[in-house]
Amino acid sequence: MRLIPLKNDQQVAKWAASYIAQRINQFKPSAERPFVLGLPTGGTPLQTYQELIKLYQAGEVSFKYVVTFNMDEYVGLAQDHPESYHSFMHNNFFKHIDIQAQNINILDGNTDDHQQECHRYEEKIKYYGKIHLFMGGVGIDGHIAFNEPASSLGSRTRIKTLTEDTLIANSRFFNNDISQVPKYALTIGVATLLDAEEIMLLITGYNKALALQAGVEGSVNHLWTVSALQLHERSIIVCDEPATQELKVKTVKYFTQLEAQEIASVC
């Protein structure tokens with residue numbers, strides 16, 4: 001596992017966006033051989049999307065031959081609802097770049113057959129071979145996508161009941177009214193994520209410090225989904241200084257020295 005400890009969330013966004021653009025450009029995607037990118041929603045990746053839009057506008061990256069798969073979607077929320085993840089992705093990223101509509105994949109939370117929709121999603125990922133780079137974030141309890149604590153580390157795309165902590169955290173998007181937050185979501189599984197060729201998690205803020213500590217220094221544990229990254233041969237966590245508050249000083253020092261060149265690139 002790589003840990004890139006940066007100063008603040010702006011540096012995290014710049015580094016992550018630059019890394020994604022670099023990976024796409026190195027791949028040299030085409031219509032016959034697209035780059036497959038996994039994407040999250042939520043507050044943490046917003047700045048990264050803004051930085052990616054800037055890189056696109058500067059002509060430094062194109063998404064014409066990029067296929068995307070999103071991590072999750074609420075169940076029962078209309079796709080045009082302002083807080084659906086379809087709306088989030090369109091408004092904050094897709095409408096600002098040159099991605100082709102047919103290359104965008106987001107779970108359908110309004111289908112009558114959730115099991116079939118989840119199976120279809122897994123099969124479509126297999127159709128493309130694999131996800132080359134999956135960017136994600138974590139919740140304060142260490143969940144990735146909607147793989148809440150005690151999710152199986154071998155899980156696949158499925159419907160999940162959201163925990164009270166997640167409902168409370170997400171209520172900020174619903175006028176702080178927890179009763180308006182959908183209680184269920186369709187989500188990729190932990191094993192689906194681990195199938196990716198490379199995983200990059202963004203972890204920022206004091207409230208994510210325990211999750212970062214569990215993911216980096218803790219044992220692999222189904223109560224902390226983030227810890228599953230320890231099993232992946234190409235995983236990166238990009239974090240800011242506030243998120244490192246629960247890490248041992250020697251851990252931060254070790255990775256700061258190890259990743260000095262990467263840290264210098266955004267300072």
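Using the three backbone atoms N, Cα and C, a Cβ is placed for every residue, glycine included.
Feature annotations, courtesy of Swiss-Prot:
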type     : residues : note
ACT_SITE : Asp72    : active site, proton acceptor
ACT_SITE : Asp141   : active site, for ring-opening step
ACT_SITE : His143   : active site, proton acceptor
ACT_SITE : Glu148   : active site, for ring-opening step
SITE     : Ser151   : site 'Part of the allosteric site'
SITE     : Arg158   : site 'Part of the allosteric site'
SITE     : Lys160   : site 'Part of the allosteric site'
SITE     : Thr161   : site 'Part of the allosteric site'
SITE     : Tyr254   : site 'Part of the allosteric site'
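Within 10 Å of Lys160 (site 'Part of the allosteric site'), counting C-alpha to C-alpha distances, fall the following of the active-site residues Asp141, His143, Glu148: Glu148. Taking only the Cα positions, the spacing between Ser151 (site 'Part of the allosteric site') and His143 (active site, proton acceptor) is 9 angstrom. Spatially, by CA atoms, the recorded positions Asp141, His143, Glu148, Arg158, Tyr254 include one closest to Asp72 (active site, proton acceptor), and that is Arg158. Every protein chain considered, the tally of other Cβ atoms within 10 Å of the Cβ of His143 (active site, proton acceptor) stands at 27. The recorded positions close to Asp141 (active site, for ring-opening step), defined as a CA atom within 10 A of its CA, are Glu148 out of Glu148, Arg158, Thr161, Tyr254. Secondary structure at Arg158 (site 'Part of the allosteric site'), as computed by DSSP, is strand. A strand conformation is recorded for Asp72 (active site, proton acceptor) in the three-state DSSP classification. Distance between Cα atoms for Arg158 (site 'Part of the allosteric site') and Glu148 (active site, for ring-opening step): 12 Å, as a whole number.
Proximity to Thr161 (site 'Part of the allosteric site'), defined by a C-alpha to C-alpha distance within 10 angstroms, is shown by the following recorded positions from His143, Glu148, Tyr254: Glu148.
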